[in-house]
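Structure record follows, encoded as structure tokens.
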Amino acid sequence: MAPPKTTISQLQDSHAAFSNLLASSTAALASRLCTHPLDTVKTRIQVSNAPQQGLIPTFVELVRARALYRGLPIALTLSVPGLSVYLTAYDLAKDQLSRQFGSFGTDTVQNHMISGMIAEVCSGLFWTPMEILKSKQQVENMSSGIYSSTVAGGVGGAGKSAPSSVVSNVSSSISPSFTSSTTSTIPKYTSTMSLARQIYQHEGLLGFYRGYFITLGVFVPYSMIYFAAYEQLKDMAWRNLHSSKQDKQRRLAGQGTQEEHVLPFFEIMGCAAVACGIAAGISNIVDVVKTRWQTSILSTTEETSSTRRIATQLFRQGGFASFTRGMGARIMWMVPSVTISMSTFEWLKAHGFTGALAS
């Protein structure tokens, strides 16, 4: 006797959920492994007080220090659940909004923006601890040659070598100021577990969510802009592809709607890259403040005691231009990262591992 329809439906849902989880996990690992060095460059530029911190000098310094992959273990560990929650929440929210509210049809800009916001709020529970630990390790032991402070005791607090009093208490602290007398006290690279213990001892569990709300202030607008642009670009690409290959589409009509509505891999990559570039550039303004606030943990100074003071100090240092610091590096990191993760996820979700490998 055939199994009940509900059982078949449950099996299909379970298979779809597992496929999505596998696809998002693979996408997270692939994108992080490929683009983590660019993330490290971006983070160091954002916390530096040097007015014109270049991409190339920063990259060379990181290569010499063998620090390009600082913070990678914790990034890999939390990127998988973070991206899985992010993409799953987006798909679920988009589907539920279209079912519950007729005006929020699946393909409307409003639906995409609200779904992106929901996805970001949910996944932030994983992204924020990852950013705290990863960013702290990425800016550890910043070199005096490139990361010299131009403002004594300034917001340059985040990312400089710590005074001896700070180093004695927190071996991984990033100093509020840099002097030649303290270069010999720069601590060695701190392990993730050691850093996590120090944060927990000093600030408790809430220390791992330092900057959660300002992170939402960065990435909620980013996700809303990104998904709205991404879905519209995919729709435009699909309509263009459909109109130029009408005969082929008619021949493929009998193969099912899923295959018919899957864009080619490189089309997905292009849509993701353009959408990410737009969203990353706009949201960089708040991201600079967020990065400095999070990396000042365990070494907070008066200038880094609040996001408002960090923003004020940044403005004093270089006006509005200070808030564009690291924008180029951020776009260079985020575009390939998002492109790899989204194209991998979309392709694997549509075809599965067997189909993707066979293609």
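Here the Cβ of each residue, glycine as well, is placed from N, Cα and C on the backbone.
Note that the coordinates shown come from a computational prediction; the quantities given were computed from them, not determined experimentally.
Database features (TrEMBL):
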- 15-96: repeat 'Solcar' (REPEAT)
- 107-236: repeat 'Solcar' (REPEAT)
- 207-229: transmembrane segment (TRANSMEM)
- 263-351: repeat 'Solcar' (REPEAT)
- 265-286: transmembrane segment (TRANSMEM)
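Counting residues per DSSP class in helix, strand and coil order gives 68 helix, 0 strand, 14 coil for the repeat 'Solcar' (15-96).
Taken together, the residues in the repeat 'Solcar' (263-351) have a mean pLDDT of 85 on the 0 to 100 scale.
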